[in-house]
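Asker: Below is the structure I would like to discuss, written out as structure tokens.
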Amino acid sequence: MTKPGGHGALSRWRAEFWRALAAGGALAAALALVATTYGMYEVRAAGDARRAPQYAATFESGTTGITTDFAELPGVGQFSVVYLQARGDEAPMPPGLERDLAPGEVALSPALVAYAERHPDEHIDQRYGKVVSTIAPDGLSAPDEHLVYAAPATPAKPTQVVSAFGANPGFSPWQVGNGSAIFGESMQIFGLAYPLLGVIILILLPALLLVTAAAHSGVRPRQRHDLILTALGSPPGFRRRTRLAGGLPGAITGAALGAALVSIWVASSPRVPIVGSQLASGALPTTRTVGIAITAAAVTTIVWALMGRSRMQGNRPTVRSLRLPSWLVLLGPLLLWASYAITQQVRDNATAFAILTWFFALLCVPAVAISAAAATTGIGSALRRWALRRGNPSGIVAGAWLSNGGRRAFVLALVVLGISTVAFQAAQNSLVLTEPGAEGRRIAQTVGPGVAQVELYRGQPTAEWHDHLPSTYGVIAVRDDVLVGECALLNAVDLPCDEPISPGELTPRARALTSTLVLPDGATTRASSAPVAQDAGTYLVVARDGGTVRLSELAVASNAADGGLAKVGRPGDDWGSGEGYVIQARWIVPMTVLGLGIALAALVLSSLGAARDLASQMAGALALFAPRRRGVLAITTIAAGLPFVMSGVAAGYAGRTQAIPTLRKIDVPGALDPLTYVIVGGACVAALCSIALSTRLIVLAASTWRPGRER
């Protein structure tokens, strides 16, 4: 004989299992991504240590001279070019080289070899000499690092002299980006603190919110079960083990799956979607994966147990409600004001500013959620008092549901604040990352592709540079405070001929061009029809026909004339590492997409749980007062939509307030105002969806409602 209610109990257990599985899996995956971020910096630190130079005082036999420089490629940004000059057979070479490089020979990293195959027009395999080998993995700090080792065809005085490569002891991951290298990608990326905090806020925070929302979604049956055990006199230890067992199977299964999937993904050394960067296969060790799975399962199970805990009220097995005092409404605004005041004080310290911004972003989420929940319960109390005076039963029930549901309102506000925090932090940090290169990109766009800037480092008048340039290109030489070139070329870039350069009279294009040259006051132009002799210095290469100066061809020609040391780029390329910052900012996109997906899942669970709970409370009022259905449903609209509206307003206000110091620092005030409207508008749309769902569930529940039947 089937036990009455058994099918319902089994359905509830299944629902609990799947919720715990989703929560545990999301938390384990998020923790694994945090660990992978740390592991990637461990890999970089090990690579930097292997090729760290040990310096010598003099350039003599048995030493190697090195000169480091940067170049740029479309879609890659800046990468390191390291010029090596070995003195004798015993001279050291950096790890990863098959053999010593002879003058004129080059070794490329695998990523640059692949880039050269995909983009033959860039002539990467011709710019610095003859490519004779590929840098082995032990010579790289990341699998997809872009790096060039070149031996100049003509000897030159090196900037540094090395007696050996390799540092013992090695470097900490926290040193990467902060002095662990003199060349390579570690010089161009942020320190570990920045991406680690980014993963914590953009991915781990939503995962924790999903655990909280999933545990709270089915909390009422667990609380009733715990209260029944309490009323029957069950010992505290037994009740504790029972609560832990409720979420344990799903938490263990989900945590194991989440950690294993991320571990398998990282072990395959994949390319991250959107970003295109390749992960190191050893960034997530197996032992760390096991620890992550255990931690995620434990945290999920503990949250499940804490959410299901209840206490007796007197001697009646009734779930205690959480009422929030009205003064808590001020908690969030006060903390927001404090965070604004403190971050403003350290705005000139980039590291402290970034860390405090992330820290207060995390701290303000629960604080503002408490304030929003307190406001919601306060309005619920006011609704209940109004309904008592008017004798409105549905208003009494809805008001009591709101005023006593502090925990439910807090969880919902927490999730909405989490979504807002992810969106605002992603947006403002994208602005922070891309703003330093914005001026350089503006200059390059204003000047156009018809001009290139070349730096030559050797003065060799006998090697005519012009012999290596296409005939369609002309050259303007920058000589301290004088620009020398043909009149037609000067006019082609909107500069006067044989006249002083007056910034106030220049066109926007000419003003943008001269800003990159840092000319002194009183600079002039001088017409010269004779070819400009090759001396060390800065040159502007201009397309005579108004077309495009191809950087790839120009780089090959310039390096051929300059012994492989020339630096070629667009005017403004070196302003804030232009494209490099944009490429680094791409990391925010996949993290934000993943974080918002997890947070939206948490919002759905919270909304469903709140709608079911409201339906169980309001079904009786609708069934008993069917003739007054419109009034009951109107009250339901207020009860179902109010928590979302309050949470949305609080989230929009909090996000906008926290963004003010950052936006002022980069001088783009008001840039995130549209996002504020999106957050508040999105919360209002969610409120409408919740109203529709709650109304539907109430109508269905009222059709089968019976007095004394617990739902």
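Cβ atoms here come from the backbone N, Cα and C positions, even for glycine.
Heads up, TrEMBL stuff is auto-annotated, nobody curated it.
Taken from TrEMBL, the feature transmembrane segment covers 20-41, 192-215, 244-267, 287-306, 327-343, 355-380, 409-427, 587-611, 632-655, 675-702.
Where in this structure would I find these features, and how exposed are they?
Answerer: Within the same chain, residues 142, 173-174, 176, 192, 195-196, 199-200, 203-204, 206-208, 210-211, 214-215, 247-259, 261-263, 266, 279-280, 282-285, 288-289, 292-293, 295-297, 299-301, 303-304, 598, 601 sit at least 6 positions outside the transmembrane segment (20-41) and bring their C-beta atoms closer than 8 Å to a C-beta of that stretch.
Panel annotation: around the transmembrane segment (327-343), residues 353, 356-357, 360, 363-364, 367-375, 378, 650, 653-654, 657-658, 660-661 of the same chain, lying at least six beyond its termini, place a Cβ under 8 Å from a Cβ of the stretch.
For the transmembrane segment (587-611), the residues of the chain that approach it from at least six positions outside its boundaries are 19, 22, 26, 30, 195, 198-199, 202-203, 205-207, 209-210, 212-214, 216-219, 272-275, 277, 408, 411-412, 415-416, 418-419, 422-423, 426, 429-430, 433, 640, 643, 686, 689-690, 693-694, 697, judged by C-beta separation under 8 angstroms.
Residues 332, 336, 364, 368-369, 371-372, 375-376, 379-380, 383, 387, 392, 394-395, 397-398, 401-402, 408-409, 412-413, 416-417, 419-421, 423-424, 610-611, 614, 618, 621-622, 625, 672, 675-677, 679-684, 686-688, 690-691, 693-695, 698 of the same chain sit 6 or more residues outside the transmembrane segment (632-655) yet have a Cβ under 8 Å from a Cβ within it.
Sequence-distant contacts of the transmembrane segment (675-702) (same chain, six or more residues past either end, CB-CB distance under 8 Å): 416, 419-420, 423-424, 427, 603, 607-608, 610-612, 614-616, 618-620, 622-623, 626, 632-633, 636-637, 639-642, 644-645, 647-649, 651-653, 655-656, 711.
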Asker: At a threshold of under 8 Å on Cβ distances, which of 192-215, 287-306, 355-380, 409-427 pairs most often with the transmembrane segment (244-267)?
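Answerer: The stretch with the most contacts is 287-306.
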Asker: Considering only Cβ pairs under 8 Å, which range in 192-215, 287-306, 355-380 makes the most contacts with the transmembrane segment (409-427)?
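Answerer: It is 355-380, which has the most Cβ pairs under 8 Å.
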Asker: With Cβ-Cβ distances below 8 Å as the criterion, list the same-chain residues six or more beyond the ends of the transmembrane segment (355-380) that contact it, or say none.
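Answerer: Contacts with the transmembrane segment (355-380): 193, 197-198, 200-201, 205, 323-333, 335-336, 339, 342-343, 346, 398-406, 409-410, 412-414, 416-418, 421, 424-425, 639, 642-643, 646-647, 649-651, 654, 658, 661-662.
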